[in-house]
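Working notes, beginning with the structure itself.
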């Protein structure tokens with residue numbers, strides 16, 4: 001009898017423990033699902049006791065004659081190194097071609113005309129967490145009666161800028177005029193990440209993607225948007241992902257043209273080894289297999305050959321940054337190389353790096369000029385250190401899933417292909433995943449129409465099925 005009552009007590013204890021664990025997991029999981037908002041102070045010195053000025057001020061891109069004559073003097077005095085014979089872009093930017101670009105920059109490129117292009121859309125600045133945030137705010141030219149514009153936050157990456165989105169703005173804010181219907185019309189808010197372009201650089205350490213997401217969340221609320229969509233690639237992917245983790249009840253949908261997964265488990269490893277032979281077993285489609293294998297060549301070697309810049313920027317950005325901030329030709333060489341290989345790896349085999357196959361020299365130089373005139377190259381590179389210095393997979397946001405409805409546009413020339421089977425472990429609510437027919441890393445810049453169509457169909461799905469209400 002003693003034994004049976006003892007076993008009864010033990011059973012009760014076991015049930016209590018299991019019940020407690022169950023309650024803990026049920027409730028703690030709910031708590032764990034959101035990422036804490038990062039309320040930082042990134043201005044110089046001590047945070048003032050007075051309330052921050054939250055006014056929104058109009059902004060225009062302006063440069064002085066002094067700045068331009070200084071630029072031309074530096075371009076005139078550039079020293080070039082002769083490239084190896086037949087090396088194309090395999091060693092980085094080919095200086096024979098670079099000379100031609102610099103000649104165009106000096107003699108034909110019309111920066112004043114490009115400044116007018118940049119100022120075509122309304123731009124503003126506002127102080128958030130101690131620093132000036134620059135953003136472009138494009139409203140629809142017209143709205144059908146009874147229809148409201150949907151706010152969409154679009155975030156760029158490195159070495160891009162807000163200018164990457166100039167060709168997609170009209171397609172999203174006036175889709176009907178471009179044959180894309182008028183069911184969903186957007187109001188686009190496109191900020192510069194702090195330390196990029198015309199957003200002030202943080203003056204303190206530790207400004208990472210969660211900090212940027214918190215600043216942009218504050219920006220959207222300040223503009224009066226309580227519910228909105230977000231879109232991004234490159235760092236924009238991570239900033240928008242973090243924003244969806246911070247404010248899942250405010251982000252109606254998250255659209256990405258690049259994803260990355262930092263938590264890789266045994267299944268990922270097995271799928272890398274065996275996915276080519278048993279694709280169905282790992283949820284791979286034929287296109288996944290085509291893009292991923294042979295994995296050594298299309299995965300590992302590609303990462304090794306293309307990530308040197310990231311290692312430098314994640315460890316000692318200021319050292320190399322000094323040279324780039326001092327030399328416009330060095331800056332151009334560093335940035336243009338990415339617009340070659342990240343657009344298409346095959347472009348390395350061309351003498352001109354294929355740079356003008358997808359972009360005009362005017363567009364490429366405008367992006368470079370944004371870095372040059374704002375002097376932001378060093379602060380833009382520091383973002384790598386702030387995000388990566390603690391190690392991959394160590395941050396809280398990397399351990400949390402994303403429950404917001406997610407749309408993924410997977411472009412074939414992205415450096416590393418992430419299959420939906422991998423992405424859905426992080427993004428638990430993928431409502432659209434499309435293999436895009438062409439295009440690479442700078443999707444909005446290269447293929448604005450393809451990207452706009454994918455954003456529109458994704459938002460259509462979320463709206464029609466009211467998916468954000470089912471999170």
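The backbone N, Cα and C atoms fix where each Cβ goes, glycine too.
What TrEMBL records for 234 is active site, nucleophile. The active site, proton donor feature in TrEMBL is assigned to 384. The active site, proton acceptor feature in TrEMBL is assigned to 441. Under the heading domain 'Epoxide hydrolase N-terminal', TrEMBL lists 56-165. What TrEMBL lists as transmembrane segment is 6-27.
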Please work out the number of neighbouring Cβ atoms within 10 Å of the Cβ of residue 441 (active site, proton acceptor), leaving out its own Cβ.
22
Any idea what the model's mean pLDDT is for the domain 'Epoxide hydrolase N-terminal' (56-165)?
97
Taking DSSP states H, G and I as helix and E and B as strand, how many residues of the domain 'Epoxide hydrolase N-terminal' (56-165) are helix, strand and coil?
37 helix, 26 strand, 47 coil
